[in-house]
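A short worksheet on the structure shown next.
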Amino acid sequence: MMSAQGYNTDYDHSNSKFYDYDNSNSKYYHGSDVNNQGDDEHSYSYATPQGTTFQNSPNSVNLETFHLPGGYYPPSATMNNGYSSYGMPQQHHHPGGDILPLPPRQHYYSQPQAGQYGWPTDVQGRVIQPHVPSYTVTPLQSAVMFVKTNPRATLYSIEDMITQVVRVDESTSRFVQRRIKVGDADEQNLALSASLSSLEELVVHPYGNFLFQALLEFGSPDIKIRLMDAFYEIGIGTICLNSYGCRVIQKALRCLEPEGVYRLVDSFQIVRFVHDPNGNHVIQRCIQVLSTFSRRKNGDPIATEKLQFVIDAIIEEILPFSCHRYGCRVVQRSIEHSAKAQKNAVLEAITLVNSKLINDQYGNYVLQKLIVCGEEHHLDTVLNTIINEEGVPSLFELAKQKYSSNVVEGLIVGVKTHHRAKFFAKMLENPDGIIDLAKHPIANYVVSKSIGNAEGDQKQEFFDIISARRHELSFDKLNKELANSKIPRTVTTTAVHPSSPLNKDTPPS
């Protein structure tokens, strides 16, 4: 056994002699056969008591007396935790009484740590077998590696594992989509057959749902019909209310023929879908697609009828939908995409409840959409609600509130000139109210919009009010810029002033 510092020690059981091998001179020493030609003067006795038991060793080992050259004794043999080693040497006495020196430090030996020079052992000295990791490759791993590394791979290569491979990660899902797109009809039918075997799991899977989207986009009409029939069997509602399944239905609305779309719309539960975080996207896509069908060259009366079915459901629930987190989106899409008659019907329904929407967390977005897309009489209704209607907070109160201030700003920017003039006239009736708005952290934006969009004499009146109370505003850092703005002394035209009232670097005209 080789020691770390040059000793190679073996125990010869045949003649009970302990051998030591010295790397420096490559000679064995045992008994009285020493390096100094048998010179007993340099033959020293190192006696190990017979019957010495090594640590963690079940048997006793007897060592006879042996000699080393130069008067150096090796360390005593020990067995520590299953490793053969030498302990630190001790000073020994020559038979004549002389004390022998210690061996050189390079001959010392340190006990190896577990795993360095041998296997670790337990407390009984038994070898602990290391854990050998398994390198067995599963069929799925083999298939995934094949499609990722082989550019000529097709769905035929993984015929029995298509539904498993498509669910592994994004790259394998894209591989299946690409093969459906570029493959022949047989390969597409192979993908369809595989997908139908795991329909319920795949349609709601983060990667598996793209298999159905690809079939709907690139598959033949027969494939689309067979796939949709399978969807109807498990329930369209179940698919639409899932975060991944709703994307499959949206793709179906875009890729199916009109007859397929009409059948799909008939299965929708409008109110339930509108209130759902996933289903509302299906209704929004439905409105867009049906509107496109109804606006074709000769029109599509069936599409118009189906769209009217959706619009009627929205009008019937206009207030709950407009005040709902997801419903307000559906109402806005119906305003944007519906035909003129249907859009006006929705706008009329909104104007009837506009006073309840103006300061609502979600309803204010519906009113802002009405201001952008509505007709003049719709704007008149909203404007009259803001400045005249009883039971509604005053214009100055609405301008200070978080949600209604958005509607007021939208009204200032989005309405026609005569509507804007009517609005500013109501504001200018109360100069103190304007200064109060200018000091408010939310309402000061309304004042800035008003000054920026006012024309003629009304612009001059705003400047005069701000100029007269400049000292009050200058102490408020929120309005310091407004107070220090360059204010023109005269306005000789009704056109919008060329300089911004908030631009301190632009000289007055």
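Cβ coordinates come from backbone N, Cα and C, glycine included.
Automatic prediction, not curation, is the source of TrEMBL annotations.
Annotated features in TrEMBL:
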- 29-59: region 'Disordered' (REGION)
- 45-59: compositional bias 'Polar residues' (COMPBIAS)
- 132-490: domain 'PUM-HD' (DOMAIN)
- 191-229: repeat 'Pumilio' (REPEAT)
- 230-266: repeat 'Pumilio' (REPEAT)
- 313-348: repeat 'Pumilio' (REPEAT)
- 349-384: repeat 'Pumilio' (REPEAT)
Q | Tally of residues which DSSP labels helix, strand or coil - the repeat 'Pumilio' (349-384) | A | 27 helix, 0 strand, 9 coil
Q: Residue list, the repeat 'Pumilio' (191-229) vs rest of chain: Cβ under 8 Å, 6 or more residues beyond ends.
A: 155, 159, 162-163, 166-170, 172-174, 176-177, 179-181, 183, 185, 239, 242, 244-245, 247-248, 251-252, 255-257, 260, 263-264
Q.
When secondary structure is assigned with DSSP, how many helix, strand and coil residues does the repeat 'Pumilio' (191-229) contain?
A. 30 helix, 0 strand, 9 coil
